[in-house]
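Annotated features, as they stand in TrEMBL:
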type	residues	note
DOMAIN	A:158-347	domain 'ABC transmembrane type-1'
TRANSMEM	A:31-52	transmembrane segment
TRANSMEM	A:95-115	transmembrane segment
TRANSMEM	A:122-140	transmembrane segment
TRANSMEM	A:160-182	transmembrane segment
TRANSMEM	A:233-249	transmembrane segment
TRANSMEM	A:326-349	transmembrane segment
Amino acid sequence: MQTHTFKPDLPPPALSVGVVGWLRANLFSSWFNSLLTLFAAYLVWLILPPLIQWAFINADWVGETRADCTSGGACWVFIQQRFGQFMYGFYPSELRWRVDLTLWLAIIGAAPLFIPQMVRKGLYGLAFLVVYPVVAYWLLHGGSFGLEVVPTSRWGGLMLTLVIAAVGIAGALPLGVLLALGRRSDMPAIRVICVTFIEFWRGVPLITVLFMSSVMLPLFLPEGMSFDKLMRALIGVILFQSAYIAEVVRGGLQAIPKGQYEAAAAMGLGYWRMMGLVILPQAMKLVIPGIVNTFISLFKDTSLVIIIGLFDLLNSIKQATTDPAWLGMATEGYVFAALVFWIFCFGMSRYSVHLERKLDTGHKR
Amino acid sequence: MSEAIKQPAVTDGMIQMQGVHKWYGQFHVLKDINLDVKQGERIVLCGPSGSGKSTTIRCLNRLEEHQQGRIVVDGTELTHDLKQIEAVRREVGMVFQHFNLFPHLTVLQNCTLAPMWVRKMPKRKAEEIAMHFLERVRIPEQANKYPGQLSGGQQQRVAIARALCMKPKVMLFDEPTSALDPEMVKEVLDTMIGLAEDGMTMLCVTHEMGFARTVANRVIFMDKGEIVEQNEPNAFFSNPQNERTKLFLSQIIH
């Protein structure tokens, strides 16, 4: 009988691995790519040194007034002096601990959800989602149990930005999922309602929605009845963004093979269990990039509340730059705003990458 | 596979289809299907593609809706009533051509999902039962893997175990081996033979004629949405009565 001898495994050619291999594959794989690499390097050389010079080397970091900025670079003193306003808006300074505590509670409360060994995670998460908003509202707004009332008109800065973004995300996601399910429902009435809702909110600009909620809505309400401006903005943001989320989620639902629905139905799962246990977990995983994309744009769109006179981070900074004592600090202010926005958006993006990896069960067919 | 298996007792009626018709739009897929299945009976449905055999068994758990006639499964009639449909589905297990395991759940979770959420079984008990059936299909060591990490044959055996975990009274197989690589067909068929030996009521759409000979009490030949001929396997294969059956058999048995 013949036996076949298999050839041994050989190492790959030296030029295709390591630093040299990486450079060749990624930066210099063709003459055109080499040209692009050199051009990009030239651009970096053109932009980066002056930027570093301005932002770090020639910058002024300590001081109290504009007069302390003498070296010609960035005047970070401005940011430092107005930091409190940028973070809290007009929230009374002696009560700012309440904002800090709210944030810490969010971090501490959510932390167990990121511990893999945690048991009954779902139950805890649900409890957190129910309890935390109540506590957060009580802490921020006050008005009972001995806490002084801080009306929402005094909220501002990064705190307001985070409140709008967090409430917007927490409200728009579940509503969007329901709308997506409704749009694919077998019941014509529900389908028509959902389609109309989605197409209406997708068809109007957010700025119009905010403007209407602030200016037009009070005209239609009966005399003497009014409700909080921030509340109206929040509802506007939730309804607007839920339409986008709905369309993203619908994309995911459509990507789930029919066989999954059939297998779930065949074992006797009803509609809600089939969706909740089998279809949505898969669909949501597929659309993480799209959902995070919507969240990031929602986060940045919060700055549109400037149109209805709410002082979010950007508006607080804009306000500060018009202060006669700090004229000419617009660049520093907007760079700071950009940096803060970027940190949050990049954070969300990284977290979504991490989630996608964690949830990948290698089932691509 | 050649020697006939032990024959468990065939007793009461389990499924009755009476004058069942179904249309897809204008297309008349099922024409006057009449079929009685007794408990413990093992039926193989065969026929050319598009003959309505898959549609027939998919009507039995209402994955497809019939428009005329009566279907009664284990004493419950299938109508528009969702409660009744779900009641039937609890008692009828189904195995699909493309396995349809839930890729986001482990093998064990796939098996415990329905017992826990439909039968309201405690998790520990459900896992115990799941491990029992995974051992029966001889892959208990894969329990904590995800379906995507298994071969086709293993996935199909998990799908069988998953259906069995609901302790169904009837098992439907919709071309369970058609999507498998040739070397994996036998492991799935062996599992099904084991099931038949235990007296499970089975309806199986398949082109595996060896399986039909060994396991079936009755072979049904369908064409163009009708039951053309049915008989016990020996007579069916050695002495087909209908012209259409003869042609079909000559085409699939080389």
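Backbone N, Cα and C define each Cβ position, glycine as well.
Values in this document were obtained by computation on a predicted structure and should not be read as measured data.
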Check your understanding: Are there residues at least 6 beyond the ends of the transmembrane segment (A:122-140) whose Cβ is under 8 Å from a Cβ of it, and what are they?
Key -> 98-99, 101-102, 105-106, 109-110, 112-113, 147, 150, 155, 163, 170
Practice item. Could you pull out which residues elsewhere in the chain have a CB under 8 Å from any CB of the transmembrane segment (A:160-182), counting only those six or more residues past its ends? Key: 89, 103, 129, 133, 140, 190-191, 193-194, 197-198, 230, 233-234, 237-239, 241-250, 253, 275, 280, 284, 291, 294-295, 298-299, 302-303, 305, 310-314, 344
Exercise for review: Report, as numbers and ranges, which residues of the same chain sit near the transmembrane segment (A:31-52): CB under 8 Å and 6 or more residues beyond its ends.
Suggested key: none
